[in-house]
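Pulled from TrEMBL:
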| type | residues | note |
| --- | --- | --- |
| TRANSMEM | 36-57 | transmembrane segment |
| BINDING | Gly41, Ala43, Asn48, Ser301, Asn333, Asp401, Ser402 | Na(+) binding site |
| TRANSMEM | 63-82 | transmembrane segment |
| TRANSMEM | 103-134 | transmembrane segment |
| DISULFID | Cys146-Cys154 | disulfide bond |
| TRANSMEM | 214-234 | transmembrane segment |
| TRANSMEM | 243-263 | transmembrane segment |
| TRANSMEM | 294-315 | transmembrane segment |
| TRANSMEM | 327-348 | transmembrane segment |
| TRANSMEM | 386-407 | transmembrane segment |
| TRANSMEM | 428-453 | transmembrane segment |
| TRANSMEM | 459-481 | transmembrane segment |
| TRANSMEM | 502-521 | transmembrane segment |
| TRANSMEM | 541-563 | transmembrane segment |
Amino acid sequence: EVQHWCPSQCSFLDTHVEDGDEIPERGNWSNKAENLLTMVGYAIGLGNIWRFPYLAYKNGGGAFLIPYFLMLVLCGIPLFFLENVIGQFCSQGPLNVWRAVPLLQGVGLSMVIMNSFVAIYYNVIIAYSLYYMFASFQSPLPWSSCLSWADSNCSKTPTVYCNVSGAVVSNWTLENRTCPSSDMITVPMQSPSEQYWDRVALQRSSGLDETGPVVWHLALCLLLSTMFTVAALIKGIKSSGKVVYFTATFPYVIILILLIRGVTLEGARDGVEFFIGSQSNMTKLMEAQVWKDAATQTFFSLAISTGGILTLSSYNNFHNNMFLDAAVVSIINHVTSVFAGIAIFSVLGHMAFLYGKPIGEVVKEGFGLAFIAYPEALSKLPISTLWSFLFFLMIFIVGLDSQFTILEVITTCLSDANPETLRSKRSLLTIMTCGVVYLLGLPCVTRAGIYWVTLLDTFTINTVLLVVSSTEVTGFIYIYGGNRLIKDIEMMLGKKSFCFWLWWRACWFVISPCIVILFWSCVSFEPPTYGKVQYPDWGVALGWCISAFVIIWIPVVAVYKLLRAEGSPWKRLKLLCSPSEEWRPYLDIHRGERYSEERCHRRRAGSTNNIKCESKF
């Protein structure tokens, strides 16, 4: 029988651990299913639903699937596997895994700060979906026609005028186009769904400069989403692991229902054809932009280098097959993107059919797809309230699932950094963290809130993730050493053949070209906009300050550690690029010959090797 060492404080630990846990003082997943479902829920986020379909349409439809799945094999799965390995080996969060390369411990701190910013605006997006979900109980849907809240620019169908001899003499509708197309003038109008989003849901101001008051219904929805998050995370993975049985699976039921309904509509086939069907443009594969979009979407949708994968894998049992986890979750993520895209484009195809427009004129991205185009399309269907409720319930659950792990990164890092104080108060820590996130999210539910959400989304992910991911790969593959990492993996999985490791070596050591593609996305950066609203110079400057604040900890911590170390500059650098005394498997029974206390003491006393030992946790 395996005996677990447990410090004296184990007797009053919070209920985030169970008797059967491999690491009693920290806790483990109750079973494999909870681990996989949580990872699937984290990886499959809003980007799979409102970003991927637009990218596929823009980049050649079905042709885009070739680079998308190729990037999954060459970049997505290898990096997902790498992060699983690191977290599982030492059973620590994003801060403490950098005991392997102490010089780069600032990377872990940057991950925590990045997740803090993401948690703020992600919670607001969940609040948007909650508001629309409640609004969907009205019949007819409030955005199905121009009601009292609309202005004179609102119209269910564009108004078309006939220009005869230079003078507008007639008013024509889309259903009665007897005017020659050369003389037809379409007056720009806003659809009811667009005005409802701007004037009712957001009560949007003219720009970032005009903050305005807090929008009370969004603040209440923000509070409700925060309460849902607290309830799910109150006992850490022990409670969230139970919640994901519903939150990670039910969205698939909703997508399937929407898909079945969508493909039965008139015009649905045209929508799917534009998405990934016969109208795919294979010549797009010759454009570098397509490959860049495939790489960035793979990176972002799998949430690589955000700290979430490291955190979730740190609760695995030591001998868990993390290779299987990486392959299964990554493939499910990409297949889900295609699955959701078909459901969405089938309904958008029907909308284009009703309006007599090319589908390109109804396809939008991000907020425009989720809260304007798709709700408008659903409002045209029989029993529209049901379809709308199901769609926004799906958005809510998918967003909530990702939010669980984003906040788990923060609480895990805090409790790992102060185990004596915080591990026994996990519930209080969760409540306080969610409370702070709620308060910081209130500026994002003012009338200028959507501008703040867009600003945070632009500057806390793209550039930051690029720097963090490239540093992470450099640290573990080139400094810590890919070959040493492979030996660590074999301690968990057992010996593997040379051919098995040949593939992973090739992916890890030559992963740099994939990151070069991400560098390109940084070089080709364009200032953020919301619709036609330009951000003021001070807003863009503030965004770059946010990015700098997240990244700056990498060099700051490195310089601090170099100044604190002893010896010549070269000795200090060499010491900080070597694993620290705390880097090894959490439990004695798993440390084997390579990390045994006796071997470590012997090497530290009489050898120049870098392996060191530590006192007990």
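Cβ atoms here come from the backbone N, Cα and C positions, even for glycine.
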Which of 103-134, 243-263, 386-407, 428-453 shares the most C-beta pairs under 8 angstroms with the transmembrane segment (541-563)?
-> 103-134
Na(+) site, defined by Gly41, Ala43, Asn48, Ser301, Asn333, Asp401, Ser402: further same-chain residues with Cβ within 8 Å of the Cβ centre = Val40, Tyr42, Ile44, Gly45, Gly47, Ala303, Thr336, Val398
Note: in the chain of Asn333 (Na(+) binding site), residues six or more apart in sequence with C-beta under 8 angstroms of its C-beta are Val40, Ala43, Ile44, Asn48, Ser301, Leu302
When only pairs 6 or more apart in sequence are counted, do the transmembrane segment (294-315) and the transmembrane segment (327-348) reach 3 or more Cβ pairs under 8 Å?
-> yes
Outside the transmembrane segment (214-234), six or more residues from its ends: residues with CB under 8 Å to it | 123-124, 126-128, 130-131, 134, 201-203, 240, 243, 247, 396, 400, 403-404, 407-408, 411, 427, 430-431, 434-435, 437-438, 441-442, 445-447, 449
Does the transmembrane segment (459-481) make contact with the transmembrane segment (103-134) through 3 or more Cβ pairs under 8 Å, each pair 6 or more apart in sequence?
-> yes
Across all protein chains shown, the one of the recorded positions Ala43, Cys146, Cys154 with the most other Cβ atoms within 10 Å of its Cβ is Ala43
Under a Cβ pair cut-off of under 8 Å, which of the recorded stretches 63-82, 243-263, 327-348, 386-407, 428-453 contacts the transmembrane segment (36-57) most often?
-> 327-348
Can you check which residues sit near Gly41 (Na(+) binding site), meaning Cβ under 8 Å from its Cβ, same chain, 6 or more apart in sequence, and list them in order?
-> Val244, Thr247, Ala248, Val398, Asp401, Ser402, Phe404, Thr405
Do at least three CB pairs under 8 A connect the transmembrane segment (103-134) and the transmembrane segment (428-453), leaving out pairs fewer than 6 apart in sequence?
-> yes
Which one, 63-82, 103-134, 327-348, 386-407, has the most C-beta pairs under 8 Å toward the transmembrane segment (243-263)?
-> 386-407
May I ask for the residues of the chain that lie six or more residues beyond the transmembrane segment (63-82) and have a Cβ under 8 Å from a Cβ within it?
-> 55-56, 276, 280-285, 290-291, 293-295, 297-299, 302, 304-305, 309, 322-323, 326-327, 329-331, 334, 337-338, 469, 473, 476-477, 485, 504, 507-508, 511, 514
Mind checking which of Asn48, Asp401 has the fewest other CB atoms within 10 A of its CB? They're the binding-site residues.
-> Asn48
